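Feature annotations, courtesy of TrEMBL:
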type   : residues : note
SIGNAL : 1-22     : signal peptide
DOMAIN : 50-138   : domain 'PPIase FKBP-type'
DOMAIN : 162-250  : domain 'PPIase FKBP-type'
DOMAIN : 274-362  : domain 'PPIase FKBP-type'
DOMAIN : 386-474  : domain 'PPIase FKBP-type'
DOMAIN : 530-565  : domain 'EF-hand'
């Protein structure tokens with residue numbers, strides 16, 4: 001029985017203790033209590049005394065009743081820390097906080113509103129709880145902060161005041177909230193630097209950048225959009241963070257630049273205004289973005305230079321080049337496609353970079369260039385118009401590309417000079433040549449295969465190079481003749497032809513007679529032509545009425561009538 005009474009007595013005492021604990025007044029706080037509910041992985045910046053902060057908060061009493069909230073007003077609370085612009089407890093609590101950190105701050109009355117309270121909102125001697133989220137921090141002494149996280153391997157030029165730049169950016173607040181991006185618009189931001197076209201912080205932050213460089217530019221509101229923000233996405237007194245990549249850079253005073261020149265050892269001629277140039281190119285933007293290539297079309301770009309047929313910078317960059325030369329031509333937009341660009345491939349205000357390889361060039365006034373590379377000791381006679389000649393050749397383009405060679409076929413190329421059997425430049429180059437002589441010919445396209453060229457063999461407007469050797473020649477007939485007599489002409493010529501003595505010469509009689517004269521050495525046909533076609537033509541000229549027979553009345557010698565390729 002005593003045991004039961006003892007247990008009941010102990011239970012009664014424990015109930016009394018619990019009741020007293022539940023109804024006891026809260027333990028007074030001597031100082032603020034901070035419970036960090038979220039800590040970012042990286043602390044971009046921690047608050048110091050004298051800093052200006054932007055933060056959101058919810059204010060409650062210990063029982064959870066809310067008395068104030070910045071969220072309800074749709075605006076952060078903005079204030080200097082440590083300058084008695086806040087209750088003392090909040091001033092202390094904010095020091096050391098990081099951007100994006102969230103803390104539950106408990107502030108005792110003597111570090112809050114004390115015995116006076118705050119009107120009808122906060123009673124006297126109230127402990128206050130604040131759920132705080134720090135969004136921004138800066139100091140009046142702050143300037144632009146630059147963090148370069150990618151530097152290109154080469155940097156030929158850096159941004160200076162008055163330069164014009166093209167760049168992409170992501171713009172965020174210090175807490176990471178995105179407010180703008182050129183990437184989403186798929187268009188660079190293009191502007192002059194250092195002349196007030198940008199907010200002051202960006203004007204400063206872009207200076208010294210290289211094309212291809214990436215940097216983070218952080219600026220206080222005094223160098224951004226100040227107390228009022230931009231009226232939409234950027235709040236007042238906000239620090240701004242720009243993640244920038246520089247794509248292009250030039251100055252309005254820039255001319256073209258020529259670099260990476262590879263000039264062949266032998267350069268006997270350089271291009272001048274008015275020349276016609278054939279060249280290959282790769283075209284890219286200054287950041288390396290490819291936009292065009294002649295190689296992809298497997299065809300050179302062919303144009304006159306110095307005549308306005310190409311953009312001004314290319315017109316200038318192609319002057320003074322050698323055949324076979326390679327060079328990089330960098331062209332500012334005012335000498336290229338200007339502010340408008342070309343639409344899809346070349347953006348407005350873009351600097352262009354062309355890697356150029358000169359294949360050949362000529363001038364419309366050029367003639368065939370003849371250089372004797374070998375002359376035999378003896379030269380009995382030289383070639384002339386009408387001669388039948390045999391020669392070997394190696395043909396190539398100016399860049400050395402082989403076109404054709406008679407040596408590949410094991411036989412000579414045979415023509416009659418002056419009979420339009422080869423291009424005019426070759427005809428000219430073969431004149432007054434000795435058997436055994438060798439020549440080097442350079443033939444401009446207007447004396448070669450012209451603008452069209454030869455399909456799959458010779459490109460249009462190509463300069464041709466021939467190395468030729470004259471192997472043999474047969475003297476031609478005087479100009480205008482396809483047959484001549486070596487001896488005196490028989491006075492009975494018609495009768496000698498008229499074998500059957502029917503007073504008419506048949507085609508077979510005519511052909512047999514002429515061929516017999518040639519065989520016996522009494523006459524000569526023009527060399528290099530089909531003899532029977534010549535004889536047929538001679539017969540047609542004598543057969544004046546076209547009845548297929550020649551009468552004595554129709555028959556005349558060459559000397560007796562106007563020019564004909566006949567007797």
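The backbone N, Cα and C atoms fix where each Cβ goes, and this holds for glycine too.
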Using DSSP, tally how many residues of the domain 'PPIase FKBP-type' (274-362) sit in helix, strand and coil.
13 helix, 35 strand, 41 coil
Could you tell me the mean pLDDT over the domain 'EF-hand' (530-565), as a whole number?
79
How does the domain 'PPIase FKBP-type' (50-138) divide up by DSSP, counting helix, then strand, then coil residues?
14 helix, 37 strand, 38 coil
Please list, for the domain 'PPIase FKBP-type' (386-474), how many residues fall into helix, strand and coil according to DSSP.
13 helix, 37 strand, 39 coil
